[in-house]
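Peer 1: Handing you a structure now.
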Amino acid sequence: MDFKKTKFGRYMNCRVPANKRYQPTEYEHAANCATHAIWILPSMVGGSVLYFLSVDKWHRVAALLYGSGLTGLFLTSTLFHTAAWKISHLRKVEERFHKCDRMAIYFFIAASYSPWLMLRELGPWTYHMRWLIWVMACVGSTYVFFFHERYKLGELLGYVTMGAVPALVILSMVDRAGVCELALGGVFYAVGVAFFKSDGLVPFAHAIWHLFVAVGAGIHYYAIWRYLYLAGPQPQTSR
Ligand SMILES: [Zn+2]
């Protein structure tokens, strides 16, 4: 279906070649900002709730990491989309915000896995994923710093690897409660990528991608809150 020929056409600009950046319409710019800005405050509150539910220092550290990753993602995304909307003529500044936005995704993925990796008993060969995930986030961010927008497929592969590899570890958890929610959240991220790639084909594609991210993050937050914090003291892990 060609939306450009329908009455929704004015909400979207035409698709651009792979080496050029899509230019959102004013409506799309506003939606891109709003769809992540509204989650900044709830993320801070959500992180604080986990912190105050903590029963020991490991829970507190995991709550701080996760809360910061969640808030950081929505905050940097909002800042970048605001810059792309309002100060796009300052190319260098906009590009820096874009790099921060992309780096925040790596740290957000690491932060999302951290509570599970830190608070659940894992098999011996998966134990090292607790720190390895942060090394992966640093490697991904370094890649963004030097090669931002140069190899788009490389970037996408980086995110998929970072998102999928630690999931194998999670599946090795002795206690499996929460695995279904983790998988469901992952499905939302994966389906959302289709919209991430649909600028100029579907009106508000990027804002729809944002909403998929928010729902995925919301499901993961629920699982962490319910199974790792609300459930009370967990069996002692081999930290
Ligand atoms: Zn975005």
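Cβ coordinates come from backbone N, Cα and C, glycine included.
Note that TrEMBL annotation is computational and uncurated.
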Peer 1: Would you identify which residue of H81, H89 TrEMBL lists as part of the Zn(2+) site it also attributes to H206, H210?
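Peer 2: Answer, per TrEMBL (Zn(2+) site with H206, H210), from H81, H89: H81.
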Peer 1: Taking the Cβ of H210 (Zn(2+) binding site) as the reference point, list residues of the same chain whose Cβ is under 8 angstroms away and which are at least six residues distant in sequence.
Peer 2: N32, T35, H36, S77
Peer 1: Most CB pairs under 8 Å with the transmembrane segment (103-119): which of 36-54, 61-83, 153-171, 208-229?
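Peer 2: Stretch with maximum Cβ contacts: 61-83.
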Peer 1: What kind of secondary structure is H81 (Zn(2+) binding site) part of, going by DSSP in three states?
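Peer 2: Once the DSSP labels are grouped into three classes, H81 (Zn(2+) binding site) ends up as helix.
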Peer 1: Enumerate same-chain residues with a sequence separation of six or more from H206 (Zn(2+) binding site) and a Cβ-Cβ distance below 8 A; give 'none' if the list is empty.
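Peer 2: Sequence-distant Cβ neighbours: P24, E28, A31, N32, F195, F196, D199.
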Peer 1: Which number gives the other C-beta atoms within 10 angstroms of the C-beta of H81 (Zn(2+) binding site), all protein chains shown included?
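Peer 2: Within a 10 Å radius of the Cβ of H81 (Zn(2+) binding site) lie 27 other Cβ atoms.
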